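What TrEMBL annotates here:
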| type | residues | note |
| --- | --- | --- |
| BINDING | 632, 636, 749, 753 | Zn(2+) binding site |
| DOMAIN | 37-792 | domain 'Alanyl-transfer RNA synthetases family profile' |
């Protein structure tokens, strides 16, 4: 018996490892049963089962753009949004902190990063870059192995009607090296549910031990597999459902420690489940994809999709069907969630997906121009009911896809022309220059995938300079690392064990309400109160809890209350100092405060000893705090001004601020024009000039759910939540009948703000760049910095005006003309790098470009003996606004402009 089981295990291991690659022609039904349920019905049945039969709360899918998780390019599993619960860092006032048993269907993207299926899509019948993950969760021991297994078995066999003899299960067989015993509990549960003993097999940690990453929560898992072959021979197994029992934590040293709380995390791919229930070997033959495949066939006029793979797929037609169908789903979902094709990170991955789809649609399917955009409505019709954001942003998705498709096709045509031109200059045995190939690539100017460039060269029998290309790639990597924003130091953290111990001891979250205790003096300045608190716990740099720290030791302090703002919501942490009560002459500097699961951890360097129980008094750095308040209120005004200028559908996509400057990311259809930038600044200046009151109040989160115009981000908000309203009391702003939130800035925000807008002084947008197609990053300064930026802009405008006047007078001397040309170059560099209004920078850059061109023309004419052409004031080469600006700045009435 043991030998036969071992042989079966070996067969199953082979079956498990090849299960993603479903073989054979795809359009082969399992039986002649009545038409199966639609994918929508399958999804709804899953959610209804857990809500109605087993009391689970249904939560919406998170955006595929990770929320505050820099380790991910995209959300790639249902558990991503619940990581704060697993790590113990969830805000205790948030709705998520109250989750006990929940279920949902999560949008997932696996392309780029650790989980990357991009290049496999199309080659087989099962890989996807976008898929839906059905999942149910139990947090804090709400239920564990027995209930999870029983519910899964009930759903699959009783609700979906899958024959029990087609299901196999695997469980964790232990890991002696890690000191982990076999999960016999899961094995016995499956046997008690009636699973045949020969269908219950154990595997090692590679197959049946789940880990979040190199460190963090982890645990054994049990998987349910479906046998595609049935009674027809050797098992052909495909994984349906993974049930993870999170009960350990992987420490930094590689050891495993038990978690303070246990959780259940399950995930089942909807596409694969639907394929099983609809009786097909391929996810592409389900009703999730068939409307798209039909639309592709009609739009391209190619032969119908037959589900062929490998050598049987002549001309790669069916592969192209699968690539286009999968990629347009991914593009639609990502753009709806605010991830647009761009030049780095997730946007760059999305750009590659779009261009891969264009290549297959045009080169294999012979699709007409604009074809990809025509598929978006099909995606919206298929997925829009489950994910309403697709319907909301459908027009934007079509526009972005169509524009990028057209741009890529134009680049492709231009790239072929450049290759032909380059080849005419090469000798028969010359390598194709790496610099030219790089300029054609995604990292260069035209955005062609390098593998496409290599293919185009291969078709012409030319070899690429691969060594040179590798060198350029390395230089690009080094350049990006220099240009990247410096990573913020993580600082001291409370790990899952420390947080669990605090919760076990019943330590309440830190009372940080004193951070809002400040007022305006009659003189107009701000008064910040001090805060007395007790030291509840001390931590060493490695996170160990201690009762005392010695002189010179860097430590973390947990207090019962604080007036320090801990970094969150895009606002930098407060800094300051604390003293022991009764010993005010010894200062303990506090450079930072961080929030961990509702507890505020203050970092400090102890000039003298400190112990648990000491009474301390906290003082924030008032200038630093006031700078943050000024920038945060300015950020709200900027958000409002952008909506006023660009339209009410304009959405914020992130921000960060400190006393020096603010950064604001906004969804845009196109780069802002100088006129729009200037209008945005004008709207902010108007609100600042009116010195309006800023109202702040905590209200029940439910009160904010349906207020027209209320601004909020894709974040987990506490309940109650703080509302910040400019010029209108919060109660009036939240009154549905008042429409006040449509007329002024009203946002959900936990930050610290000015009490009146006048203290902002001024706001100048000093930088703007495209993060990706559809996302613009703005940099702005306020107050005195803004005034200085305007003065710099005025001074540079005067210099450009003077240079234009010199050019208008002409020159009979080549040396003088060359000096003027160099001055133009110097001015261009100054305008490019100065801290000045961005709208003015853009106008001066356009002007200098014209002036530089005319100066170079004058030099060429002098060098060839031709007389230079004098310029007159009536010439229309300069922007009219610049002519007007220079006229108002220049003391000379005789200045002429191009």
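Note that Cβ sites are derived from N, Cα and C of the backbone, with glycine treated the same way.
Structural mapping of features recorded in TrEMBL.
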{"residue": "632", "record": "Zn(2+) binding site", "Cβ within 10 Å": "24"}
{"residue": "636", "record": "Zn(2+) binding site", "Cβ within 10 Å": "27"}
{"residue": "749", "record": "Zn(2+) binding site", "Cβ within 10 Å": "23"}
{"residue": "753", "record": "Zn(2+) binding site", "Cβ within 10 Å": "25"}
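Residues 632, 636, 749, 753 make up the record's Zn(2+) site, and a Cβ search at 8 Å around their centroid adds 629, 633, 635, 694, 724, 747, 751, 752 from the same chain. For the domain 'Alanyl-transfer RNA synthetases family profile' (37-792), the model's average pLDDT works out to 92.
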